[in-house]
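Record features (Swiss-Prot):
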ACT_SITE  K288  active site
ACT_SITE  R362  active site
BINDING   K276, D281, D299, E360  Mn(2+) 2 binding site
BINDING   D281, D358, E360  Mn(2+) 1 binding site
Amino acid sequence: MKTAATFSALQDLDADLLIFPFSSEGLKKAASPVLEAAGLSDAPLDDFKAAAGDTLVLYPRPGKLRAPRVMLVGTGEAGSLDDWHRAATAAASRAVDLEARRIVFDLPAAGGKAKPGIEAVAETLVEGCLFGAYRFERLKSGKLDKGEKKTAAKGKAKKAEKGIDLLTLRVPASALAAAEKGMASGLVIGSAQEMARNLVNLPGNHLQAEDIARAAAASGKQYGYGVTVLRKKEIESLRMGGLVAVNQGSLNPPTFTVMDYVPKKKAKATIALVGKGVTFDSGGISIKPSEGMGDMKSDMAGAAAVIGAVEAAARLALPVRIIGLIPATDNMPDGNAQKPGDVITTYSGITVEVGNTDAEGRLILADALTYAAQKYSPDAIIDLATLTGACIVALGYQVAGLFSNDDALAGAIEGAARDTGEKVWRLPLWELYDEQIKSDVADVSNTGSRGAGTITAAKFLEKFIDGHKKWAHIDIAGPSFPAKGAAKVNGGSGFGVRLLVELLRKWS
């Protein structure tokens, strides 16, 4: 998708769709001039309440506008950045359905309601349009599509990829530079989120640990940051017992990918981001029920978010050093797979009783967290993981669970969540939960007694941060791959990319 900003008159804009955002506050007063310019009455406003994400498509009278359609889209009463993102997502999704490839967002229609500022709104609109226009159809052959034209060369169905080719923002002339700046950063962040979504949506037979490593390496090569990939022999020599144990049942070797973005000027801080990279989680010997197992291709969403965040940070040239760490494997049942009751030794030297092989994510994260703390001594460690179904039970599909041993870090993450709309809710790390993960035969168990499953998982991870004083764990099990109808998107959402980038920008 290309972007542009303009201050041309409405009548001069050549587009497939003109989009007018309106607040629910003072709707009729703001919308009437737009409808008049399109040769329409106020009557359609009876069907449009302008709640965030509401849309209404109308058809101008001939000769009034060059665009064949206009759309009213609601930004709610508050007009927050989250509301603007919802508006852009809904508008872009509807535009794709209408096959409108050139769209214009008219910000003056908002009547000065772009409260967060033109630059921030422009950035959010681009991110939202990329989000709403996204379709994952790369694995469709098109052979069963009806009515498609055949190519002369191969006689196969030829279908244009769905999407938006050009997004233009119409702004006042005085705001042109701010709009262009915001659109540029929005394109970077939105594209990084889209890349993460593509990775999450790939099925297990198309994405293995090696493919995650290749994706990180390709990003590093293109955007100028270092990537090192440790493979099975190196992982074994480092005695990363958690990653090795989870991989035992797999035919595909594990990888441990290290991304290292170093700014050109002296870094203001060093932040370690750790992403869980389980490319498919069958549960191992403690096998999952068949219902919904196909969605376990998304168990590497934390890894995808970390790759996206590091990529965006590099492209935005943030003045913070970022270490991205991704332990990756699938979790499969096999004669050689780890078994319930096994005791393994992690990279830290801490021994773990495997109470359940389906609690595998915390085992590979244990190695990565200790590695991050000991090798890099970062100013903060943040891990993202689709760790527990218990987090979905507690918070649903639109909110991630947040745990931290540092109030300032937790507050910064909560602030970034408010700014981006990628919602988090902090849960406790009280010592009393340690009782639930005690083991009689090892230092700790990877499963807890009944109840508080998302908390006991976080308490397990806490034991592997090597005493680090500034650590946060974000359980993204719900929002990374929402159930159908549970959120504004189906499939992989790329949750965490925008959250992390906003956090890193504020850090700098």
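Yeah, the Cβs are placed from backbone N, Cα and C, and that goes for glycine too.
Within the same chain, the residues at least 6 positions away from E360 (Mn(2+) 2 binding site) whose Cβ sits under 8 Å from its Cβ are V246, V278, D281, G284, N331, listed in sequence order. Candidate recorded positions: K276, D358, R362. Nearest to K288 (active site) by Cα distance: D358. Within 8 Å of the centroid of the Cβ atoms of K276, D281, D299, E360, where the record puts Mn(2+) 2, the same chain has further Cβ atoms from V246, G277, V278, M296, M300, N331, G361, I364, A385, T386. Same-chain residues at least 6 positions away in sequence with a Cβ under 8 Å from that of D358 (Mn(2+) 1 binding site) are, in sequence order, D281, G283, G284, S286, I287, K288, N331.
In sequence order, V246, V278, S282, G283, G284, S286, K288, M296, D299, N331, T357, A359, G361 are the same-chain residues whose CB sits within 8 A of the CB centroid of D281, D358, E360, the residues recorded for Mn(2+) 1 being left out.
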